[in-house]
Amino acid sequence: MSIAIIYMAKEFNWSHNTQGLVSSSFYFGYITTQIIGGALTDKFGGKRILGIAFATRTLFTLLTPISARINIYCLILCRICLGIGEGPVYPCFLSLTSKWFPPEERTRAVTAVNVSNLIGMAIAMPISNLLGSSQFGWESIFLVFAVIGFIWSIIWHFYGESDPRDYSEISKEELDWILKSKSTICSDDNFDHYQSGFREYSTIDDEENNMLLQKDQISSRPLYIRKIPWNFILSRREVWAIMLGHFFNSWGYFILLNWLPIFYYEYFDTDINRVGYYTSLPYISYGIVGYMGGCICDYAIHQLKFHVLTVRRTANIIGTLGITISILFVSTNEIANFFASVIVMITYLAKTSFEASLIMTIGYALYSFIISSLYVSQMDIAPKYAGSIFALGNTCAMIQAFFGVALTGWILEVTNNNWNVIWCLCSLFYILETTIFFSWAGGEVIID
C-alpha cells in the first residue's frame, strides 16, 4: 500500500489527510486482534490461528482494488478488515518461535523472522513499482500478492505445525535437544547467567496455572496453556518495558514504513518509477545486518557469557541512535548541524533521493539491532507466554501506528508539507523508547 497509494492518490486526487486515513485504517483493525490472537495461539497453538489469519488477510488484499473503485469508505472498511486478519500473525510467530527453538537460538530465530519480513518488503516495493507502472495498473499489485498469500496458506496448512512434538518429520535427536534445552533454562546452574541484576525471581503457582511442567520434566506431548495470568504479567516492570518500548518505537517505524516513499516522491521530486527502489534499500540493509546482529547477540550471551540484559540494552541503544541520527540528517541544515555538533560527527544533509536513501540505508542497518532487544525480550522473561506478551506490546504499538500515520497527513497539511516536524517527532519517540527500555527491561525468566 505504501507504494500503491502514490498511484491511487494521483488517480483519485487524494489529499495528505485522505492518504493518512487510508494508510492508518489498517492499524485500526490490526490492533483489535493482537491480544486475542496471542492468547489463542498460546492456548491452542499457532497452526490454526496463523492459517486463519493469513487466509483473512489474503481475501481482503484481493478485495482492496474493488473497494477502492466503489468509494473511499469501502476502501477504509476493507483495510480495517485486512488489519483484523493480520493482527494475530506476529504473536503467532513469537509463540511458535518459543516452542520450536532452544533458548540459545531464539535471538537468531526472531531476527530471522523479522529479517525475512523486511527482505520481503524490500523485494515487494520495487515489484509494486513495476506493477503499478505497467499496463495492468496499481490494481495488479494487490492481485499478485493475494495470489502469493493464497499459495503460502496452502503450504502452511499441509506442512506447518504448532509444536515440534506434532511434526512427524523431526528427528528424535533434534526434538530431545529442543525440549531438554527448554527444561534447563531455569535451572539453578543456569540462573546466574540470566540475571538482570535483581534477585527477585517469580513463578506462577499451581492455582494460577496447573498445566506448567516442573523445571526438569520433559513431556512427550505438546503443552498448551490453559490459563494466562494476566494480572501477574501486567504487574511486572519488565513487561511494561516491552509494552512502552513498542509504543514509542512504533511511531517512527510505521511513519517511515508508510510515508517514506511519499517523502522521496514529493520532497526530492523523485521519478515515481524509482521510488520503490530507493525505499527498498534501507530494508535490505535492515535484513542483512539484523540477522548478523542476532548471531552476535546469541554469541555474546551463550559463548562470551555476557548477561542477557547487558546485551539487550546495548543492542537497543545501537538501534535507536542509528535511526535517530539518520532521520535527522535528512532534515534541515539547522537540525543536522546542531545534532552533528553534539555528537562530534561530520554534518551531511541529503540533497537528492539517492543521498537520502544512502543515509537511511546506514541508519536502518544500525536500527536492525533493536530486533535483538525489544523484539526478543518477552522470550527472555516469559517464554511460555511470549505470544501473549508480544501481543500486548504490539497492541501498544498499533495505537501509535494508527494515530501517528493519520496525524502525519494532518501535520503535512497544516505545516505546508514541512517534513522536518515529522522527523523531529520520530527522533523524540525513539529516544523515549530507549530510555524506558534501558531502565525497566529484564534479562531473566520471571514467569515460569
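For all residues, glycine too, the Cβ spot is worked out from N, Cα and C.
It should be emphasised that the depicted structure is a prediction, and the values quoted were computed from it without experimental measurement.
If you look up TrEMBL, you'll see 1-448 marked as domain 'Major facilitator superfamily (MFS) profile'.
Here TrEMBL flags 109-128 (among others) as transmembrane segment.
Here the transmembrane segment (140-159) has Cβ contacts under 8 Å with residues 3-4, 47, 50-51, 54-55, 57-59, 61-62, 64-65, 124, 127-128, 131-132, 134 of the same chain, all six or more residues outside its ends. Among the features that TrEMBL reports, transmembrane segment is placed at 140-159 (among others).
Look at TrEMBL and you will find 239-263 (among others) tagged as transmembrane segment.
Feature annotation from TrEMBL assigns transmembrane segment to 283-301 (among others).
According to TrEMBL, the feature transmembrane segment maps to 321-350 (among others).
Here the transmembrane segment (356-377) has long-range neighbours at 106-107, 110-111, 114-115, 118, 238, 241-242, 245-246, 249, 260, 264, 268, 278-279, 281-290, 293-294, 296-297, 311-313, 315-316, 318-323, 325-327, 329-330, 348, 350, 390, 393, 433, 437, 441-442, meaning same-chain residues at least 6 beyond its ends whose C-beta is under 8 angstroms from one of its own. Per TrEMBL, transmembrane segment is recorded for 356-377 (among others).
If you look up TrEMBL, you'll see 389-412 (among others) marked as transmembrane segment.
Sequence annotations record features per position, and here TrEMBL assigns transmembrane segment to 418-441 (among others).
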Confidence summary for the domain 'Major facilitator superfamily (MFS) profile' (1-448), mean pLDDT rounded: 82
Two-stretch contact, the transmembrane segment (283-301) and the transmembrane segment (109-128), at least three Cβ pairs under 8 Å: yes
Remote residues contacting the transmembrane segment (239-263) - C-beta distance under 8 A, at least 6 residues beyond either end: 1-3, 5-6, 19, 23-24, 27, 125, 233, 275-276, 279, 282, 316, 320, 323, 327, 360, 370, 374, 377-378, 381-382, 389-390, 392-394, 396-401, 404-405, 408, 419, 422, 425-427, 429-430, 432-433, 436-437, 439-442
Same-chain residues at least 6 beyond the ends of the transmembrane segment (418-441) whose Cβ lies under 8 Å from its Cβ atoms: 196, 237-238, 240-242, 244-245, 247-249, 251-252, 255-256, 259, 263, 267, 309, 312-313, 316-317, 320-321, 323-324, 327-328, 330-332, 335, 373-374, 377, 400, 408, 411-412
Beyond the flanks of the transmembrane segment (109-128) by at least 6 residues, Cβ under 8 Å: 2-4, 93-94, 97, 100-101, 141, 144-145, 261, 276-277, 279-281, 283-284, 286-288, 290-291, 293-295, 368, 371-372, 375-376, 379
